[in-house]
Amino acid sequence: MALLEVKDLEVCFGLRSGAVKALREINFSLERGERLGIVGESGAGKSVLGFSILNLISRPGYISKGAVNFEGQNLADLKPHQLREIRGNRISMIFQDPMMTLNPVLTIGQQMVECLLAHRKMRESDARKIALQKLQQVQIPSPETRLDQYPHELSGGMRQRIVIAIGLLLDPDVIIADEPTTALDVTIQAEIMDLMLNLCEQNNVALILITHDLGVVSEVTQNMMVMYAGRVIERGPTKEIINDPQHPYTQGLMNALPQMAQAGQKLNQIKGAMPPLQRIPTGCAFNPRCEYVMEICRHNLPDSTVSGNCRVACHMVAEMKREQAMGDEV
Amino acid sequence: MIAFFIKRFFQAVVVMFVISLISFSIQDNLGDPLRELVGQAVSEEERQALRDEMGLNDPFLVQYVRFAKNALQGDLGESYFFKEPALEVILNKFPATLELVIGATFIIVLFSVPLGVYSAIKPQSVFSKAVMGFSIVGISIPVFLTAIGLIYLFSIELGWMPSYGRGETVEILGFWESGFFTQDGLEHLILPCFTLASIMLPLFIRLIRAEMMEVLQSEYVKFAWAKGISPRRIYFLHALKNTMLPVITVGGVQIGTMVAYTILTETVFQWPGMGFLFLEAVNRVDTPLIVAYLIVVGAIFVVTNTLVDLIYGLVNPTVKLAGR
Ligand SMILES: Nc1ncnc2c1ncn2[C@@H]1O[C@H](COP(=O)(O)OP(=O)(O)OP(=O)(O)O)[C@@H](O)[C@H]1O
Ligand SMILES: [Mg+2]
């Protein structure tokens, strides 16, 4: 049994203009210690997916279909207090902007200790000791003094280290890191990313890494998913997708990367922009921007087809597969 | 800390100077004090002589400097009516007004925090909607109407509460007439305090609700949920502490303003406080008393604002009291 399994998940936002689907037909699973990358342009639904795993989407959002099974148990079926036992304890989250994640009026120590006390029966002094230990693990200089400081007294990098320490505080099984370094100074991004990856590896924590950075995904994850307009359009082993992207959107993302391009080749941004949720085109959501667009793409939503170890939601890929299969038969 | 107080002190000096200048200059427009001071029988020559003697014919600046010099020594002139130092007359009534304001503030805090927080946490519930609707109505009802309504219901119809005066008071600390320590005194406080609170209470509920709803959307509250800590701790520690920061700032100023609103409340309830006294002083053209009242109220504003800044600094760790 997979540690975490997301099945046919659908998330809606009840807006004044009617309900819009922010996520649909999301399927994936995560094993213990696995690293899964989620990429996609801004607005693809990556954060919504991260939050809905913990059942943390705030109104007007709600899970309208599907299940998030953690150790075989659907989180949507749990009572609030059971859900709370999982949040921060078994599955924890690291947010994008460390400047906003920590409560400005509580000390670092308070914010760490409360998390321990919420999940374990222990004395406050013992909780402080564990907090201190974790601060040492994330390599914060003079951790004792940090415990009594307020967030505004610390730099962005330092705060993200603390957020990571909080994420690891209870030795969770899964960490969902939503663009954990995007808001940081470029010079320390790699350092913080390395720190987080190392700590996850040491503690055998599974990691869901949400990012814009295909480079990082290709380096550190075993599996990846590419999202577009609330759907997963391609998922599979990272190596295979990076070496041989099949969905035109994934190819487009890859071509826009300086590291991926061959010398002398021009960098190509995908033209156009991701549609807002209210105006997702019929058929394949990517069709207005796709250079291989066919008539069927404008009318029918492509199912996800198996292609090697990957699953791709694209009519063109499906057609190629069909032709291949027919060729094999002949 | 010291820098904060020095800065505050100079601000206070400037504010008090402006208030004294304004209040002193309006006294010319309040009518002829001589009419109150002496009877009809006094002839015009005698009046002129008296004016000269009192310095009422001197140039404005000369009069102001004389006034300011005395004021700095705590002498704001003598009330024409009471024939006593104006400041003393005012300060004698100060405890009554302050207790009214304290009582009203207590009521406001007692009701606005739970109601505001609840209606922010459960904005869709029937109770929250009722609170919001009620607060809109509350804002638009004038004070004297509230007062009359309360008196009619609780004093006349039900007979539960006295409708005027302070009731029985005891002297504490040697100079303070307090109504807080006798049952009769407390009973007399209830209706006036609720009346005074009724002006600000709806505003505070709405302010707290709006701030709290905003805070509940913040990333740090989301992160707190993701940590799996209890809702009670999230609402009443994480969210409420951040909600109260702007509320303290706005609220502090409002409570200063409430001193001014006491005029109406005290008049309706015949409350022997500064506001009631002020209205009488206006009727009698008792200029020194009017000026003294304005200056005392100005001083109260300065003091409450300083207190508010101090409390804000204590609650908000990002503020250092050294001044910005
Ligand atoms: N509370 C909300 N109400 C309505 N729509 C929302 C809400 N939160 C998110 N959305 C919509 O859901 C879609 C996905 O948003 P999401 O934040 O998951 O994107 P993302 O992939 O994380 O983008 P980014 O890379 O910018 O973080 C967006 O179109 C956004 O407008
Ligand atoms: Mg996001």
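The backbone N, Cα and C atoms fix where each Cβ goes, glycine too.
Just so you know, TrEMBL annotations are computer predictions that nobody has curated.
For reference, TrEMBL has these:
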- B:94-312: domain 'ABC transmembrane type-1' (DOMAIN)
- B:9-26: transmembrane segment (TRANSMEM)
- B:100-121: transmembrane segment (TRANSMEM)
- B:133-154: transmembrane segment (TRANSMEM)
- B:189-208: transmembrane segment (TRANSMEM)
- B:243-264: transmembrane segment (TRANSMEM)
- B:290-315: transmembrane segment (TRANSMEM)
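Taking pairs at least six residues apart, the transmembrane segment (B:290-315) and the transmembrane segment (B:189-208) share fewer than three Cβ pairs below 8 Å and do not count as touching. Between the transmembrane segment (B:133-154) and the stretches B:9-26, B:100-121, B:189-208, B:243-264, Cβ pairs under 8 Å are most numerous for B:189-208. With a threshold of 8 Å between CB atoms, the same-chain residues lying at least 6 positions outside the transmembrane segment (B:243-264) that come near it are 97, 100-101, 104-105, 117, 120, 143-144, 147, 196, 199-200, 203-204, 207-208, 211-212, 215, 271, 273-276, 278-279, 297, 300-301, 304-305, 307-308, 311-312, 315-316.
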